[in-house]
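Take a look at the structure set out below.
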Amino acid sequence: MKIGILSQFPELYSTRRLVAACESRGHEAVVINTLNCYMNINSIKPSIHYQGQELTGFDAIIPRIHASVTFYGCAVVRQFEMMGVFAANDSISIARSRDKLRALQLLSRKGIGMPITGFANKPNDIPDLINMVGGAPLVIKLLEGTQGIGVVLAETKTAAESVIEAFLGLKANIMVQEYIKESNGSDIRCFVVGDKVVASMKRQGPEGDFRSNLHLGGCGEKVKITPAERKMAVAAVKAMGLVVAGVDILRSNRGPLILEVNSAPGIEGIEQTTGISVTEPIVEYIEKMVSARKSNRAVIA
C-alpha cells in the first residue's frame, strides 16, 4: 500500500515511528506537510496537489493534524476522502474531538462519565456557574488550549470569579469543571486503536502542579487499567467516531471520568514509558480496513 502521513513535522518521533511501522510491513510511506497541500475542488475529479505535482495512488492516510491548523487540516483530510482514500481518522471525527465543548456534549449524550462541566457567555452568570460545578476549587479551561496550556486551578470562589471575569473580558471561550481532588494531579492516558486499548500509562504532574501533561514536565509510568476504564476509553473514541485516539481518564471516587479525547495523541511518551509499539497496530488496522474496502468494491463490481 501507499500510505500518506499528514504531518508538518517529519523529524518528530511520532512521524518517524509511523514511517518505520509502514515500511516494516512492506508499505510505501510518504510524509506530507498538510499546510503545503492545495486542492482542486470540482464535481468530476477532485484532487490534491503538493510541491507542484498531483498526489495520486494513495490507499490510506494517517492524519497527524496539529491543533493550530485544524480547519485547514480537516479540509485536506476531507479532500482525500472525496478522492476515495481511507483516512485512519476522518475529517468529521477530528473536528468533533477538537471542539472541546462539542466533544463533552457527545460524551454526555452517550452517558459516559466526565467531570461536571459548565459553559457560559455572560459575566453575570459567574456565581451560578461556579455553584453549578460544585464550587471552588475548580478548573478553568480555554477551549482552544492544548497540552495543559490555558488551564487554571482556582482554589477559592474569589479567585475563580476573578479568572473567569478576566477570560470573558478578553472574549475568550472558556469552560469550568469540577476539580477531582482525589486524582492528585495524575491521569491515565489510554492509546486506542479501533476497539482496543493497545497501551496505557499513568501521568503524574510535577510537584505542586495539578496538570499531568508530559509536555509540562510531568512523568509517566506503565499502569494496568481496570475493565471499566478500558470499556470507557473505547466508548469515548467510538462516540467521537475516531479510530486512533488518546483518551485521558481521571480516577475519581465515583469511578473513571473522561477528561479529553485526543485525535493526534503523542506517541513518544507512551511508547518509551510502556515499551509497547502503538504504531504497528495503527498500520495493521489500516491494512484490515483497506482490504475490506477493496473486497466490497470487488463484490459490487
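Cβ atoms are placed via backbone N, Cα and C, with glycine included.
The structure displayed is predicted, hence computed values, not measured ones.
According to Swiss-Prot, the protein has these features:
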BINDING   Lys141, Glu178, Tyr179, Asp187, Arg211, Ser212, Asn213  ATP binding site
BINDING   Asp248, Glu260  Mg(2+) 1 binding site
BINDING   Asp248, Glu260  Mn(2+) 1 binding site
BINDING   Glu260, Asn262  Mg(2+) 2 binding site
BINDING   Glu260, Asn262  Mn(2+) 2 binding site
DOMAIN    104-287  domain 'ATP-grasp'
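The local packing around Tyr179 (ATP binding site), expressed as other Cβ atoms within 10 Å of its Cβ over all shown chains, amounts to 19.
Distance noted between the C-alpha atoms of Glu178 (ATP binding site) and Glu260 (Mg(2+) 1 binding site) is 14 Å. Sparsest Cβ environment among the binding-site residues Glu178, Asp187 (other Cβ atoms counted within 10 Å): Glu178. When the binding-site residues Lys141, Tyr179, Asp187, Asp248 are ranked by how far their Cα is from the Cα of Asn262 (Mg(2+) 2 binding site), Asp248 comes first. Contacts of Asp248 (Mg(2+) 1 binding site) defined by a Cβ separation under 8 A and a same-chain sequence distance of 6+ are given as Asp187, Ile188, Arg189, Cys190, Ile258, Leu259, Glu260, Val261, Asn262, in order along the sequence. Within its own chain, Lys141 (ATP binding site) has Lys100, Gly150, Val151, Val152, Ile174, Met175, Val176, Gln177 as residues 6 or more apart in sequence whose C-beta sits under 8 angstroms from its own. When averaged over the domain 'ATP-grasp' (104-287), pLDDT in the model lands at 89.
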